[in-house]
Amino acid sequence: MRIHVVDHPLVAHKLTTLRDKRTDSPTFRRLADELVTLLAYEATRDVRTELVDIETPVTPTTGVKLSHPRPLVVPILRAGLGMLDGMVRLLPTAEVGFLGMIRNEETLKAETYATRMPEDLSGRQVYVLDPMLATGGTLVAAIRELIERGADDVTAVVLLAAPEGVEVMERELAGTPVTVVTASVDERLNENGYIVPGLGDAGDRMYGTAE
């Protein structure tokens, strides 16, 4: 597993505004969308391409296009939905799947409650969207399901990560073809499982349900 923290002044600027508790939901959604597009630029650096012959108004030439099978973008419901537009803006021809995950309050493990994606992901590049990598449990469970379906190249795009979550990912997904792209690895998790300094509950702030 590999983690890539995107170092760019626009990423830092937008992330700072997202962190600010005074930022309202409409602004939060817009900035999250913009930030995802910046992260997606880095996340797709190794997207698979193939050569194609074309003809410009001047002369024939050779260019590149995205290879088949198409990349698959999978937001984790619900907060991952708020990242979808920012990702497919760069990959408009990508296929979109959905994965619903919820924590079992008895086992404290993430469980799947809804899926909408191909059964066979062999040879597919998959981009998973989830705003926060906190404890890592949800993202590990989601990526394992994708790998079980045959995905051989998975990139997780997250706005923020906690070192505890990164450690869990590195331990549980050691040796797997997984990359995490994020705007920041923050200091720690607090006793309530929130990333510090973080930005609060991304889903609540996106959808206007934060107190």
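Using N, Cα and C of the backbone, Cβ positions are placed for all residues, glycine too.
Per Swiss-Prot, the features are as follows:
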type    : residues                                                              : note
BINDING : R78, R103, D130, P131, M132, L133, A134, T135, G136, G137, T138, D201 : 5-phospho-alpha-D-ribose 1-diphosphate binding site
BINDING : I195, G200, D201, A202                                                : uracil binding site
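Taking CA atoms as the reference points, G136 (5-phospho-alpha-D-ribose 1-diphosphate binding site) and D201 (uracil binding site) are 15 Å apart.
Same-chain neighbours of the uracil site beyond I195, G200, D201, A202, judged by a C-beta within 8 angstroms of the site's C-beta center, are, in sequence order, P131, M132, L160, Y194, G198, L199, G203, D204, R205.
Cβ contacts within 10 Å of R78 (5-phospho-alpha-D-ribose 1-diphosphate binding site), excluding its own Cβ and spanning all protein chains shown: 12. Within the set of binding-site residues I195, G200, D201, A202, the entry lying nearest in space to D130 (5-phospho-alpha-D-ribose 1-diphosphate binding site) is A202 (CA atoms). Of all the binding-site residues given, namely D130, D201, the one with the smallest number of surrounding CB atoms inside 10 A is D201.
Sequence-distant contacts of A202 (uracil binding site), defined as residues of its own chain at least six apart whose C-beta falls under 8 angstroms from its C-beta, comprise A32, A79, G82, P131, M132, L159, L160. Between the listed binding-site residues, namely M132, A134, I195, the fewest other CB atoms within 10 angstroms of a CB are found at A134.
Taking a C-beta cut-off of under 8 Å and a sequence gap of six or more, T138 (5-phospho-alpha-D-ribose 1-diphosphate binding site) has these contacts in its own chain: I76, M101, R103, A110, D130. Largest Cα-to-Cα span within the 5-phospho-alpha-D-ribose 1-diphosphate-binding set R78, R103, D130, P131, M132, L133, A134, T135, G136, G137, T138, D201: 17 Å.
Note on G136 (5-phospho-alpha-D-ribose 1-diphosphate binding site): other Cβ atoms within 10 Å of its Cβ, all shown chains, come to 22. Using Cα positions, the member of the binding-site residues I195, G200, D201 nearest to R78 (5-phospho-alpha-D-ribose 1-diphosphate binding site) is identified as D201. Mapped onto three states, the DSSP output places I195 (uracil binding site) in strand.
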